[in-house]
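*Asks:* Here's a structure for you.
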Amino acid sequence: MIKEELNLWAEGVEFRHLDAYYNFILSVLNFLCIKEYELSVILCNNEYIQKLNGEFRQKPEPTDVLSFNYFEGSEQINHKIQGDIVISLEYLEFSSLEFNVEMYEELQRNTIHGILHLIGYTHDTNDFQNETMLIIQERVLRETRRVF
């Protein structure tokens, strides 16, 4: 039986576009041919993600996105997802200014980034020209429709 379960919520932040964001995530999953998923996405503030980053990565500082993969056999690329993505909207406000992009584009980029990690992609650098995962990320961002 194929499971398709997607949950979204906001923790410590207000986000008024959950329906549009939900549809965006579904379009990314479809584009990446992910048919089986149990995925939760939490939109949060820096305090919330900093706590998780410290606890699970021993980096007590805020970050943009964290992915938690619960699927056994996650060492290789797999088109099934069982995991969580946590994204700090507060952090994205800063990074969108730094990269001179709209905040919602940065949210879409980080959502795709988290999904790619959950299906097994990794990257050693942030080189958008040479890292396979980041090249795929930008392609998915271009190809999926803008929803905000």
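Just so you know, glycine gets a Cβ as well, placed from its N, Cα and C.
Quick paste from Swiss-Prot:
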BINDING   His113, His117, His123  Zn(2+) binding site
*Asks:* Based on Cβ atoms within 10 Å, give me the single least packed residue among the binding-site residues His113, His117, His123.
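*Replies:* Counting other Cβ atoms within 10 Å of each of the binding-site residues His113, His117, His123 gives the minimum at His123.
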*Asks:* An 8 Å radius from the center of the His113, His117, His123 Cβ atoms defines the neighbourhood of the Zn(2+) site; name the other residues of that chain inside it, in order.
*Replies:* Val65, Ser67, Gly114, Leu116, Tyr121, Thr122, Met133, Leu134, Gln137
